[in-house]
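Let me begin by presenting the structure, written as structure tokens, before commenting on it.
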Amino acid sequence: MRHPDSQDTRSRLLDAAAGLIAESPGESVSLRAVCGEVGVTLPTLYHFFGSKAGLLDAVTEHGYALYLAAKRPYDPAEDPIEHIRWGWDAHFAFGIDNPGLYVLMYGQIVPGRNPNSKQRVASMVLCATEAAESSGRLVVTADQAAAHVLAAVIGVTLRQVADGTEDHALSVAMREATIAAICGSPNAAPKDSDDLAGSAARLRSVLRASTNVPMSPPEAALLDHWLLQLASG
């Protein structure tokens with residue numbers, strides 16, 4: 001018979017493991033330490049996760065859940081290249097803020113294995129590159145562009161995590177070089193500030209991502225509506 005608080009015990013074990021990994025990024029986590037945090041024995045941990053690998057897989061999925069919760073899907077009203085810029089910066093920030101989880105998500109490679117959560121991240125990038133391809137912004141296919149973006153942002157983020165640094169200038173330089181590569185130099189730079197539709201789309205993107213907009217929900221909704229109209233030309 002299942003113990004009534006078994007799901008709570010599993011969640012606490014998962015949180016404990018994630019906490020220990022966050023405290024010592026890249027280091028092996030002790031199962032006894034995880035159990036000690038929760039006050040259970042090793043057989044209890046094995047009951048829920050089967051093995052250390054099973055526990056780490058669950059923590060990895062937990063990391064992707066946090067990552068995806070902070071992301072937002074591509075909005076057709078947005079400039080797709082600006083959305084790629086926003087997505088790159090959000091990805092880099094997540095890795096810097098969560099180095100232990102990030103190493104599990106992107107630094108532990110098993111050939112041929114591609115978790116569903118990782119595929120969801122890739123599909124979000126592909127959605128933006130497909131929009132860019134449809135509008136004639138790319139010099140490569142949407143699939144190639146998405147693969148290029150992911151390979152570059154994962155590489156620069158892992159490098160920063162490994163070095164224990166936070167070089168935003170390097171991330172931005174890599175981001176712009178990647179965009180230039182998939183768009184071609186003429187389309188790589190952000191739109192000029194006097195481009196009303198582009199400026200409205202970028203401002204709408206920033207406001208929708210912000211959690212600290214100094215206005216009421218009705219005011220925010222009205223502003224979003226106006227910006228959408230301007231962005232749509």
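Glycine too: its Cβ is placed from the backbone N, Cα and C atoms.
According to TrEMBL, the feature DNA-binding region maps to residues 30-49, out of the candidate ranges 30-49, 50-69, 150-169. For the domain 'HTH tetR-type' (7-67), the DSSP counts in helix, strand and coil order read 49 helix, 0 strand, 12 coil.
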